[in-house]
Every structure is written in structure tokens, then in C-alpha cells.
Amino acid sequence: MTVIDNHEAVGMEGAPRLSEASARDYFELLKPRVMSLVVFTAFAGLILAPGHINPFIGFTAILCIAIGAGASGALNMWYDADIDAVMSRTAKRPIPAGKILPQEALAFGLTLSAFSVIILGLAVHWLAAGLLAFTIFFYVAVYTMWLKRSTPQNIVIGGAAGAFPPMIGWACVTGGISVESIVLFLIIFLWTPAHFWALALFKMGEYGAVGVPMMPNVCGEATTKRQIVIYAVLTAISGICPTLLGFASLGYGALATALGLGFVGYSLGVLRMPEGDKRMVPAKKLFAFSIVYLFAIFSALLVDYAIARIWFGGVI
């Protein structure tokens, strides 16, 4: 199947005027599901960081990070409009569906990017703003425009963009980067390949049709399955590092170990999956559990922190 370059073509014939795009269409352009994970992990970084931040400033910080994440999503949809129109899971996005013009999405994304970075710098901290600006640049220019269509390691390197939010949240409070914030970064960074390669396995045909060189399409199912197990193990190890490094309790460590074993267990299910299995049930199960894993790990860190504050320092 040939992919048409829709950066100019998508939405041009019979395209709606700006006034015809609803607020919901623009909200969908922000990738709200992805944004929810970004906001949650950034919030975790902000809460777990030592020190105090004014609640209003903290809210402003999280809002700016959310807007920056949404801006990245809008710019990603602008650039990927051609392949989004072909893939079933993305064909209903606002640009390929003809609800928003590509140039509108570009202007929207650039405006929100600048707004989020400037406000975060002025209201909170310029290091945090710099990290947010770098994250937006890395996701849009490095991952979306370069890596995604050029190498099967796209998600490994590009996954760094999704791992920065807790580090940004941490920097909003402390004005710096620490070992703890790097560990939070690593948990997400190492989690990303197994999560997305599980998706790539059961969407292999669609990625192949649009020319995106995902690991299963370039290196085959067997290699992808082995790589998934390796990254699942690394993710499980990184998940217990907060306890090993002394900034989370043994209770958290026990829960993180159980979650990590579950993650590895699901990855082994993918490894045992027969070659050419069209149903890809183990891959779908791993993909679903990986989302649960990440939310559970960061939730456990927050609960562990709250218990420690109440036990040792009174009511938060």
C-alpha cells in the first residue's frame, strides 16, 4: 500500500474552516490519554521531591506540563497526518477525519508549546521550563520527524521524551536534578520499549503498510519477543530501585517486586507465543498490563510517601 503525503493533502479538499472545528476536536488533538499519564507522573515527581511548593504554583506547574504534553501531541498529529489516515487506530484523529486543517494543528501546537514553556519559566522555575522545552523538541523533532520513520530503535531512543515529566515535576520543586528524579525517569524510559513493541506486534501489518520500521517489521517477531523480555526485566529492576536507594519503603519494594514479576511474566507469555499467531492475545495482555504497571508503580510511590509523612511527620 502506498502512503500519500498528507501534510498538504489531508483535509484540504472540502476541509472545514477554523470556526467549524469544535473544542472537542482540539482537545482530541492534545492526545488526552497520553496526557493523563504525563500529568500523573509529573505530579508524582512534584510530590515526591523534597521541599515545599505553594499549591497554586504547583497547580500552575502541572497545568504547564499538561499543556506542553498536549502541544507535543498536536505537533505529532500534524506531522503524522499522512500515516494516521491509513492506520485503523488513528484514522479518526481530527486531521485525517477532516475536522481540523493541518496548518491549524501546527499553529495550535506551536502556540501551546511556547505558552507552556514561558509560563512555567516565569511562574515556577527556568530549569523546569528548559526541560519541558527540550522534551517537546525531542518528541517532535527527534522522535516524530526523524527516528520514527528511520530506525527500529525509534521507540527506545524516542521513549526518553515520555520519561521526562517526573523529572520536570521534581525540578519545579527543587530547581535541580537528582538521583531520585533520574530513577523516576529510568522507570518510564525502560518501560517504554516493552509497552510499544507489544502494540507493534499486534499492529505489525498496519505499521508495515505505512512504512514505519517498528521492531517486529524489521527484525522479526522472535527478536522482538526477546527484546521485550529484556526490557521487562530491566523495568522490573528499575521499579525496585527507589527502595534499594532508600527513598521508598520495604512495603513499596515488595509491591514493586510483585508488579515487576507480573510484567516479566506477561513478557514471557509473549516469548512463548507461536510465530505468526494472528490473534496475538499474549501481546495484547502485556500491552494492557504495562499500562496498569506504570500507573500502579507511581501510585505506590505516592501512597508510600504519604504514609511516611503521616507516620514520621504528622498529617500532610
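From the backbone N, Cα and C atoms, a Cβ is placed for every residue, glycine too.
Keep in mind that what you see is a predicted model, and the values were worked out from it rather than measured.
Features as listed in Swiss-Prot:
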- 34-54: transmembrane segment (TRANSMEM)
- 55-75: transmembrane segment (TRANSMEM)
- 95-115: transmembrane segment (TRANSMEM)
- 118-138: transmembrane segment (TRANSMEM)
- 155-175: transmembrane segment (TRANSMEM)
- 182-202: transmembrane segment (TRANSMEM)
- 228-248: transmembrane segment (TRANSMEM)
- 250-270: transmembrane segment (TRANSMEM)
- 287-307: transmembrane segment (TRANSMEM)
Practice problem: Report, as numbers and ranges, which residues of the same chain sit near the transmembrane segment (118-138): CB under 8 Å and 6 or more residues beyond its ends. | Solution: 57, 60-61, 64-65, 68, 71-72, 75, 158, 160-161, 164-165, 167-169, 171-172, 175-177
Quiz item: Apart from its near flanks, which chain residues at least 6 from the ends of the transmembrane segment (228-248) lie with a Cβ under 8 angstroms of it?
Solution: 48, 179-180, 183, 186-187, 190-191, 193-194, 197-198, 256-257, 259-261, 263-264, 266-268, 270-271, 286, 293, 297, 301, 304-305
Self-check item: Cβ-Cβ under 8 Å with the transmembrane segment (55-75): same-chain residues at least 6 beyond its ends
Solution: 29-32, 34-35, 38-39, 42-43, 46, 105-106, 108-113, 115-117, 119-120, 123-124, 128-129, 132, 135-136, 139-140, 144, 161, 165, 168-169, 172-173
Practice problem: Count the CB pairs under 8 A between the transmembrane segment (287-307) and each of 95-115, 155-175, 250-270, then give me the winner. | Solution: 250-270
